[in-house]
Amino acid sequence: MQNLRHAASEAFQRLGLKQRHLGYEELGELDGVEKPQPHWFHTLQVRRLRVQRGRSNSDPMGGKSFQQEFQWKTGLQFGNATSYLNLEKLGEGTYATVYKGISRINGHLVALKVIHMKTEEGIPFTAIREASLLKGLKHANIVLLHDIIHTRESLTFVFEYVQTDLAQYMIQHPGGLHSYNIRLFMFQLLRGLSYIHGRRILHRDLKPQNLLISYLGELKLADFGLARSKSIPCQTYSAEVVTLWYRPPDVLMGSTDYSTALDIWGAGCIFIEMLQGSPAFPGVADVFEQLLKIWTVIGVPTEEIWPGVSDLPNYKPEWFLPCKPQQFRDVWKRLSQLPYKTEDLAQQMLMMNPKDRISAQDALLHPYFNTLPPPLMHLRDTVSIFKVPGVRLESEARDIFSPSRRTKTPLAPLAKCW
(Lines of atoms letter the chains of each structure in order from A and count residues from 1; the text may use other names and numbers.)
(Lines give C-alpha, C1' and ligand atoms only; values in the text may rest on other atoms or scores of the structure.)
Protein backbone atom coordinates (compact mmCIF):
# COMPACT_ATOMS: atom_id res chain seq x y z
CA MET A 1 0.00 0.00 0.00
CA GLN A 2 2.88 2.37 0.83
CA ASN A 3 4.49 1.68 -2.53
CA LEU A 4 1.18 2.40 -4.21
CA ARG A 5 0.83 5.72 -2.38
CA HIS A 6 4.38 6.74 -3.31
CA ALA A 7 3.69 5.87 -6.93
CA ALA A 8 0.53 7.95 -6.80
CA SER A 9 2.45 10.84 -5.27
CA GLU A 10 5.01 10.74 -8.06
CA ALA A 11 2.26 10.55 -10.66
CA PHE A 12 0.55 13.52 -9.05
CA GLN A 13 3.72 15.57 -9.35
CA ARG A 14 3.73 14.85 -13.05
CA LEU A 15 0.00 15.59 -13.37
CA GLY A 16 -0.17 19.23 -14.29
CA LEU A 17 2.30 20.32 -11.60
CA LYS A 18 5.28 19.89 -13.89
CA GLN A 19 6.25 23.27 -15.32
CA ARG A 20 2.65 24.43 -15.23
CA HIS A 21 0.77 26.39 -12.63
CA LEU A 22 -2.75 27.63 -12.98
CA GLY A 23 -2.95 31.36 -13.62
CA TYR A 24 -5.98 33.60 -13.57
CA GLU A 25 -5.75 34.01 -17.34
CA GLU A 26 -6.46 30.29 -17.74
CA LEU A 27 -9.47 30.34 -15.48
CA GLY A 28 -11.87 32.07 -17.81
CA GLU A 29 -13.82 34.72 -16.02
CA LEU A 30 -11.46 36.60 -13.72
CA ASP A 31 -9.32 38.65 -16.13
CA GLY A 32 -7.39 39.97 -13.12
CA VAL A 33 -10.30 42.15 -12.03
CA GLU A 34 -12.27 41.72 -8.83
CA LYS A 35 -16.05 41.44 -9.13
CA PRO A 36 -17.82 44.59 -7.95
CA GLN A 37 -18.62 44.45 -4.26
CA PRO A 38 -20.82 46.56 -2.01
CA HIS A 39 -18.86 49.42 -0.42
CA TRP A 40 -19.63 48.08 3.04
CA PHE A 41 -18.23 44.65 2.13
CA HIS A 42 -14.89 46.17 1.10
CA THR A 43 -14.82 48.14 4.34
CA LEU A 44 -15.44 44.96 6.31
CA GLN A 45 -12.47 43.26 4.64
CA VAL A 46 -10.18 46.21 5.36
CA ARG A 47 -11.20 46.29 9.01
CA ARG A 48 -10.57 42.58 9.41
CA LEU A 49 -7.14 42.86 7.79
CA ARG A 50 -6.19 45.49 10.37
CA VAL A 51 -6.83 43.19 13.32
CA GLN A 52 -3.66 42.50 15.32
CA ARG A 53 -2.52 38.89 15.10
CA GLY A 54 -0.26 37.09 17.53
CA ARG A 55 3.00 35.54 16.46
CA SER A 56 2.98 31.92 15.36
CA ASN A 57 5.50 29.60 13.78
CA SER A 58 2.91 28.80 11.13
CA ASP A 59 1.97 32.43 10.59
CA PRO A 60 3.88 33.98 7.68
CA MET A 61 3.18 37.44 9.11
CA GLY A 62 4.72 36.66 12.50
CA GLY A 63 7.46 39.07 13.51
CA LYS A 64 6.87 41.50 10.65
CA SER A 65 4.45 44.31 10.15
CA PHE A 66 1.52 43.70 7.88
CA GLN A 67 2.59 46.58 5.68
CA GLN A 68 5.99 44.93 5.12
CA GLU A 69 4.62 41.47 4.37
CA PHE A 70 1.54 42.35 2.42
CA GLN A 71 2.61 43.97 -0.81
CA TRP A 72 2.12 43.09 -4.42
CA LYS A 73 5.34 41.92 -6.06
CA THR A 74 5.91 41.59 -9.78
CA GLY A 75 8.41 38.74 -9.44
CA LEU A 76 6.10 36.34 -7.60
CA GLN A 77 4.69 33.41 -9.53
CA PHE A 78 1.87 30.91 -9.23
CA GLY A 79 2.93 27.65 -7.62
CA ASN A 80 5.15 29.44 -5.09
CA ALA A 81 4.33 29.22 -1.38
CA THR A 82 5.66 32.75 -0.77
CA SER A 83 3.00 34.12 -3.12
CA TYR A 84 0.28 33.73 -0.47
CA LEU A 85 -0.22 34.86 3.12
CA ASN A 86 -2.35 33.13 5.74
CA LEU A 87 -4.80 35.47 7.46
CA GLU A 88 -6.82 33.14 9.69
CA LYS A 89 -7.83 29.52 10.10
CA LEU A 90 -11.30 28.74 8.74
CA GLY A 91 -11.59 25.08 9.61
CA GLU A 92 -9.88 21.75 10.05
CA GLY A 93 -10.81 18.37 8.59
CA THR A 94 -9.56 14.81 8.51
CA TYR A 95 -6.54 15.43 6.34
CA ALA A 96 -6.46 19.18 5.69
CA THR A 97 -6.64 22.62 7.27
CA VAL A 98 -8.25 25.55 5.46
CA TYR A 99 -7.06 29.12 5.89
CA LYS A 100 -8.30 32.41 4.62
CA GLY A 101 -5.42 33.96 2.73
CA ILE A 102 -4.44 36.65 0.30
CA SER A 103 -2.43 36.55 -2.88
CA ARG A 104 0.65 38.77 -2.94
CA ILE A 105 0.55 38.56 -6.74
CA ASN A 106 -2.69 40.47 -7.24
CA GLY A 107 -4.33 41.03 -3.84
CA HIS A 108 -7.19 38.55 -4.31
CA LEU A 109 -8.59 36.86 -1.23
CA VAL A 110 -8.14 33.09 -1.45
CA ALA A 111 -8.85 29.94 0.54
CA LEU A 112 -5.74 27.85 1.21
CA LYS A 113 -6.42 24.15 1.73
CA VAL A 114 -3.22 22.80 3.27
CA ILE A 115 -2.74 19.03 3.24
CA HIS A 116 0.12 17.92 5.47
CA MET A 117 1.77 14.81 4.10
CA LYS A 118 3.33 12.00 6.07
CA THR A 119 6.54 10.82 4.44
CA GLU A 120 5.62 7.16 4.59
CA GLU A 121 2.15 7.69 3.11
CA GLY A 122 2.61 10.39 0.50
CA ILE A 123 -0.30 12.37 -0.90
CA PRO A 124 -3.78 11.18 0.21
CA PHE A 125 -5.78 9.61 -2.60
CA THR A 126 -8.66 11.99 -1.87
CA ALA A 127 -6.39 14.96 -2.59
CA ILE A 128 -5.17 13.43 -5.85
CA ARG A 129 -8.75 12.79 -6.90
CA GLU A 130 -9.94 16.27 -5.94
CA ALA A 131 -7.16 18.05 -7.81
CA SER A 132 -7.41 15.93 -10.94
CA LEU A 133 -11.16 16.53 -11.17
CA LEU A 134 -11.19 20.23 -10.29
CA LYS A 135 -8.48 21.07 -12.84
CA GLY A 136 -10.93 20.08 -15.56
CA LEU A 137 -14.03 21.78 -14.14
CA LYS A 138 -14.72 25.39 -15.06
CA HIS A 139 -18.20 26.44 -13.99
CA ALA A 140 -19.76 29.38 -12.15
CA ASN A 141 -21.30 27.00 -9.61
CA ILE A 142 -18.17 25.01 -8.83
CA VAL A 143 -15.46 26.39 -6.56
CA LEU A 144 -12.51 27.55 -8.65
CA LEU A 145 -9.06 26.04 -8.16
CA HIS A 146 -6.56 28.85 -8.79
CA ASP A 147 -3.24 27.24 -7.99
CA ILE A 148 -1.47 24.17 -6.60
CA ILE A 149 1.62 24.38 -4.39
CA HIS A 150 3.58 21.19 -3.79
CA THR A 151 6.43 20.99 -1.27
CA ARG A 152 8.04 18.10 0.60
CA GLU A 153 5.96 18.81 3.69
CA SER A 154 2.58 19.77 2.28
CA LEU A 155 0.29 20.11 -0.67
CA THR A 156 -1.73 23.34 -0.85
CA PHE A 157 -4.76 23.96 -3.04
CA VAL A 158 -5.47 27.65 -3.63
CA PHE A 159 -9.20 28.19 -4.15
CA GLU A 160 -11.25 31.28 -4.72
CA TYR A 161 -12.42 32.67 -1.40
CA VAL A 162 -16.16 32.36 -0.77
CA GLN A 163 -17.66 34.08 2.26
CA THR A 164 -19.75 31.33 3.89
CA ASP A 165 -21.52 28.04 3.26
CA LEU A 166 -25.17 27.01 3.13
CA ALA A 167 -25.05 25.39 6.57
CA GLN A 168 -23.95 28.65 8.19
CA TYR A 169 -26.39 30.64 6.08
CA MET A 170 -29.28 28.51 7.35
CA ILE A 171 -28.06 28.81 10.95
CA GLN A 172 -28.21 32.58 10.59
CA HIS A 173 -31.72 32.36 9.12
CA PRO A 174 -33.60 29.75 11.19
CA GLY A 175 -37.08 28.55 10.32
CA GLY A 176 -36.59 28.27 6.57
CA LEU A 177 -35.24 30.58 3.89
CA HIS A 178 -37.03 33.05 1.62
CA SER A 179 -38.83 31.02 -1.05
CA TYR A 180 -37.30 33.04 -3.90
CA ASN A 181 -33.79 32.60 -2.52
CA ILE A 182 -34.38 28.86 -2.26
CA ARG A 183 -35.34 28.85 -5.93
CA LEU A 184 -32.09 30.63 -6.83
CA PHE A 185 -29.99 28.32 -4.67
CA MET A 186 -31.65 25.19 -6.07
CA PHE A 187 -31.23 26.39 -9.65
CA GLN A 188 -27.52 26.92 -9.07
CA LEU A 189 -27.12 23.59 -7.28
CA LEU A 190 -28.83 21.70 -10.09
CA ARG A 191 -26.90 23.71 -12.66
CA GLY A 192 -23.62 22.63 -11.08
CA LEU A 193 -24.78 19.01 -10.81
CA SER A 194 -25.93 18.99 -14.42
CA TYR A 195 -22.47 20.17 -15.44
CA ILE A 196 -20.52 17.49 -13.56
CA HIS A 197 -23.03 14.73 -14.34
CA GLY A 198 -22.72 15.61 -18.02
CA ARG A 199 -19.01 14.88 -17.61
CA ARG A 200 -19.73 11.57 -15.87
CA ILE A 201 -18.62 12.83 -12.46
CA LEU A 202 -20.49 12.14 -9.21
CA HIS A 203 -19.95 14.46 -6.24
CA ARG A 204 -20.95 11.80 -3.67
CA ASP A 205 -20.82 14.12 -0.63
CA LEU A 206 -23.58 16.69 -1.02
CA LYS A 207 -24.49 18.49 2.19
CA PRO A 208 -24.97 22.14 3.18
CA GLN A 209 -21.40 22.42 4.48
CA ASN A 210 -20.08 21.63 1.00
CA LEU A 211 -22.14 24.30 -0.75
CA LEU A 212 -20.36 27.64 -0.53
CA ILE A 213 -22.34 30.91 -0.68
CA SER A 214 -20.88 34.25 -1.75
CA TYR A 215 -22.11 37.66 -0.57
CA LEU A 216 -24.07 37.94 -3.84
CA GLY A 217 -25.75 34.57 -3.29
CA GLU A 218 -23.63 32.57 -5.72
CA LEU A 219 -23.72 28.90 -4.75
CA LYS A 220 -20.64 26.80 -5.49
CA LEU A 221 -20.07 23.07 -5.13
CA ALA A 222 -16.98 22.36 -3.04
CA ASP A 223 -15.09 19.44 -1.47
CA PHE A 224 -14.60 17.01 -4.33
CA GLY A 225 -12.47 14.70 -2.17
CA LEU A 226 -15.06 11.92 -2.45
CA ALA A 227 -16.05 12.71 -6.02
CA ARG A 228 -15.40 10.08 -8.64
CA SER A 229 -15.45 9.96 -12.40
CA LYS A 230 -17.72 7.23 -13.73
CA SER A 231 -15.32 6.85 -16.65
CA ILE A 232 -12.77 5.25 -14.31
CA PRO A 233 -12.85 1.47 -14.97
CA CYS A 234 -14.73 0.40 -11.86
CA GLN A 235 -18.04 -1.43 -11.74
CA THR A 236 -18.89 -0.69 -8.12
CA TYR A 237 -18.19 2.02 -5.60
CA SER A 238 -17.90 2.23 -1.83
CA ALA A 239 -21.17 2.36 0.10
CA GLU A 240 -19.52 4.58 2.74
CA VAL A 241 -20.21 7.86 1.00
CA VAL A 242 -22.39 10.86 1.78
CA THR A 243 -23.12 12.05 5.31
CA LEU A 244 -25.88 9.86 6.74
CA TRP A 245 -28.68 12.46 6.64
CA TYR A 246 -28.20 12.98 2.90
CA ARG A 247 -27.58 9.35 1.95
CA PRO A 248 -30.21 7.73 -0.32
CA PRO A 249 -32.00 4.52 0.72
CA ASP A 250 -30.34 2.41 -1.99
CA VAL A 251 -26.89 3.26 -0.61
CA LEU A 252 -28.08 2.82 2.99
CA MET A 253 -29.16 -0.70 2.05
CA GLY A 254 -25.70 -1.49 0.71
CA SER A 255 -25.94 -0.76 -3.00
CA THR A 256 -22.57 0.00 -4.60
CA ASP A 257 -23.92 0.21 -8.13
CA TYR A 258 -25.16 3.78 -8.05
CA SER A 259 -25.28 6.67 -10.46
CA THR A 260 -26.11 10.37 -10.62
CA ALA A 261 -29.31 9.60 -8.69
CA LEU A 262 -27.11 9.54 -5.58
CA ASP A 263 -26.46 13.28 -5.86
CA ILE A 264 -30.09 14.02 -6.75
CA TRP A 265 -31.30 12.48 -3.48
CA GLY A 266 -28.83 14.62 -1.52
CA ALA A 267 -29.95 17.73 -3.40
CA GLY A 268 -33.58 16.86 -2.62
CA CYS A 269 -32.79 16.60 1.09
CA ILE A 270 -31.09 20.00 0.96
CA PHE A 271 -34.14 21.41 -0.86
CA ILE A 272 -36.42 20.32 1.99
CA GLU A 273 -33.97 21.60 4.59
CA MET A 274 -33.91 25.08 3.06
CA LEU A 275 -37.71 25.13 2.94
CA GLN A 276 -38.36 23.68 6.36
CA GLY A 277 -35.40 25.05 8.32
CA SER A 278 -34.43 21.59 9.59
CA PRO A 279 -32.98 18.41 8.03
CA ALA A 280 -35.37 16.27 6.02
CA PHE A 281 -34.33 12.95 7.56
CA PRO A 282 -32.37 13.68 10.77
CA GLY A 283 -31.31 10.20 11.85
CA VAL A 284 -29.19 9.97 14.98
CA ALA A 285 -27.79 6.56 15.75
CA ASP A 286 -27.21 4.38 12.71
CA VAL A 287 -28.33 3.19 9.28
CA PHE A 288 -31.39 1.47 10.78
CA GLU A 289 -32.69 4.72 12.28
CA GLN A 290 -31.91 6.61 9.07
CA LEU A 291 -33.93 4.12 7.02
CA LEU A 292 -36.77 4.35 9.54
CA LYS A 293 -36.90 8.13 9.07
CA ILE A 294 -37.11 7.66 5.29
CA TRP A 295 -39.64 4.80 5.29
CA THR A 296 -41.92 6.81 7.60
CA VAL A 297 -42.30 9.34 4.79
CA ILE A 298 -42.09 7.37 1.54
CA GLY A 299 -43.10 3.89 2.75
CA VAL A 300 -41.22 0.59 3.01
CA PRO A 301 -40.15 -0.63 -0.46
CA THR A 302 -41.34 -3.86 -2.04
CA GLU A 303 -40.41 -5.74 -5.19
CA GLU A 304 -43.57 -4.43 -6.86
CA ILE A 305 -42.58 -0.81 -6.25
CA TRP A 306 -38.83 -1.24 -6.63
CA PRO A 307 -37.76 -4.28 -8.69
CA GLY A 308 -34.51 -5.74 -7.39
CA VAL A 309 -34.66 -4.11 -3.95
CA SER A 310 -34.76 -7.50 -2.21
CA ASP A 311 -31.29 -8.26 -3.59
CA LEU A 312 -29.67 -5.42 -1.65
CA PRO A 313 -27.54 -6.62 1.31
CA ASN A 314 -29.31 -4.54 3.98
CA TYR A 315 -32.88 -4.98 2.76
CA LYS A 316 -34.67 -6.05 5.96
CA PRO A 317 -38.38 -5.19 5.61
CA GLU A 318 -39.20 -7.35 8.64
CA TRP A 319 -37.36 -4.86 10.84
CA PHE A 320 -39.91 -2.14 10.12
CA LEU A 321 -43.62 -1.76 10.67
CA PRO A 322 -45.57 -1.37 7.42
CA CYS A 323 -45.60 2.29 6.38
CA LYS A 324 -47.67 3.90 3.67
CA PRO A 325 -46.28 6.82 1.67
CA GLN A 326 -47.34 10.22 2.96
CA GLN A 327 -47.95 13.48 1.17
CA PHE A 328 -44.84 15.60 1.54
CA ARG A 329 -46.94 18.63 2.50
CA ASP A 330 -48.32 16.66 5.46
CA VAL A 331 -44.80 15.89 6.68
CA TRP A 332 -43.10 19.19 5.88
CA LYS A 333 -45.74 21.81 6.61
CA ARG A 334 -44.19 24.69 4.70
CA LEU A 335 -44.87 22.88 1.43
CA SER A 336 -48.59 23.35 2.07
CA GLN A 337 -48.03 27.13 1.93
CA LEU A 338 -46.32 27.01 -1.48
CA PRO A 339 -47.50 26.15 -5.01
CA TYR A 340 -47.85 22.44 -5.78
CA LYS A 341 -44.93 22.52 -8.23
CA THR A 342 -42.57 22.98 -5.25
CA GLU A 343 -43.75 19.73 -3.70
CA ASP A 344 -43.73 18.00 -7.08
CA LEU A 345 -40.05 18.76 -7.68
CA ALA A 346 -39.16 17.56 -4.17
CA GLN A 347 -41.07 14.32 -4.76
CA GLN A 348 -39.31 13.68 -8.06
CA MET A 349 -35.92 14.18 -6.43
CA LEU A 350 -36.73 11.95 -3.45
CA MET A 351 -38.13 8.95 -5.30
CA MET A 352 -37.52 5.64 -3.57
CA ASN A 353 -36.19 3.83 -6.65
CA PRO A 354 -33.05 5.61 -7.90
CA LYS A 355 -34.06 4.88 -11.50
CA ASP A 356 -37.21 6.96 -10.98
CA ARG A 357 -35.44 10.09 -9.71
CA ILE A 358 -35.39 13.11 -11.97
CA SER A 359 -32.06 14.07 -13.55
CA ALA A 360 -30.38 17.40 -12.82
CA GLN A 361 -30.88 18.52 -16.42
CA ASP A 362 -34.60 17.68 -16.38
CA ALA A 363 -35.00 19.29 -12.95
CA LEU A 364 -33.74 22.60 -14.37
CA LEU A 365 -36.66 22.49 -16.81
CA HIS A 366 -39.23 21.77 -14.07
CA PRO A 367 -42.12 24.29 -13.76
CA TYR A 368 -40.80 25.20 -10.31
CA PHE A 369 -38.24 27.41 -12.07
CA ASN A 370 -40.68 29.01 -14.54
CA THR A 371 -40.78 32.27 -12.58
CA LEU A 372 -37.04 32.84 -13.08
CA PRO A 373 -35.90 35.06 -15.99
CA PRO A 374 -35.64 32.99 -19.23
CA PRO A 375 -32.02 34.09 -19.93
CA LEU A 376 -30.91 31.95 -16.97
CA MET A 377 -31.54 28.86 -19.09
CA HIS A 378 -29.04 29.92 -21.75
CA LEU A 379 -26.02 31.14 -19.80
CA ARG A 380 -22.51 29.95 -20.60
CA ASP A 381 -21.13 27.56 -18.00
CA THR A 382 -18.74 30.12 -16.55
CA VAL A 383 -21.29 32.94 -16.21
CA SER A 384 -22.99 33.56 -12.87
CA ILE A 385 -26.78 33.79 -12.80
CA PHE A 386 -26.34 37.14 -11.03
CA LYS A 387 -25.05 38.61 -14.29
CA VAL A 388 -28.67 38.52 -15.53
CA PRO A 389 -30.41 41.86 -14.84
CA GLY A 390 -32.90 41.68 -12.01
CA VAL A 391 -31.53 38.48 -10.46
CA ARG A 392 -30.65 39.11 -6.83
CA LEU A 393 -31.23 37.60 -3.42
CA GLU A 394 -34.22 38.83 -1.46
CA SER A 395 -33.63 39.94 2.11
CA GLU A 396 -34.05 37.14 4.60
CA ALA A 397 -35.77 37.80 7.90
CA ARG A 398 -32.27 38.05 9.36
CA ASP A 399 -29.91 39.26 6.65
CA ILE A 400 -26.31 38.29 7.49
CA PHE A 401 -24.95 40.35 4.60
CA SER A 402 -26.44 43.71 5.63
CA PRO A 403 -24.17 46.21 7.46
CA SER A 404 -26.58 46.66 10.36
CA ARG A 405 -26.93 42.93 10.78
CA ARG A 406 -23.19 42.40 10.94
CA THR A 407 -22.82 44.78 13.87
CA LYS A 408 -25.22 42.68 15.93
CA THR A 409 -24.35 39.04 15.19
CA PRO A 410 -21.02 38.05 13.64
CA LEU A 411 -20.95 35.30 11.06
CA ALA A 412 -20.48 31.95 12.75
CA PRO A 413 -17.14 30.22 12.09
CA LEU A 414 -17.01 27.54 9.44
CA ALA A 415 -17.95 24.20 10.96
CA LYS A 416 -16.52 22.07 8.18
CA CYS A 417 -13.16 21.99 6.49
CA TRP A 418 -13.85 21.53 2.82
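Cβ from N, Cα, C; glycine included.
Annotated features, as they stand in Swiss-Prot:
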DOMAIN    84-369  domain 'Protein kinase'
BINDING   LEU90, GLY91, GLU92, GLY93, THR94, TYR95, ALA96, THR97, VAL98, LYS113  ATP binding site
ACT_SITE  ASP205  active site, proton acceptor
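Positions of Swiss-Prot features highlighted on the structure.
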residue: LEU90; record: ATP binding site; DSSP class: strand
residue: ALA96; record: ATP binding site; DSSP class: coil
residue: ASP205; record: active site, proton acceptor; DSSP class: coil
Among all chains shown, work out which of the binding-site residues LEU90, ALA96, VAL98 has the most CB atoms within 10 A of its CB.
ALA96
Between the Cα atoms of THR94 (ATP binding site) and ASP205 (active site, proton acceptor), find the distance and write it as a whole number of Å.
15
Inter-residue C-alpha distance, GLU92 (ATP binding site) and ASP205 (active site, proton acceptor) (nearest angstrom):
17
For the C-alpha pair, I'd like the distance in angstrom between ALA96 (ATP binding site) and the residue listed as 'active site, proton acceptor', rounded off.
16
Here are the recorded positions: GLU92, ASP205. Which has the lowest count of other Cβ atoms within 10 Å?
GLU92
Cα-Cα, whole number of Å: VAL98 (ATP binding site) versus ASP205 (active site, proton acceptor)?
18
For ASP205 (active site, proton acceptor) and LEU90 (ATP binding site), what Cα-Cα distance in Å is obtained after rounding to a whole number?
20
Let me check the 10 A CB neighbour count of THR94 (ATP binding site). How many other CB atoms are there?
8
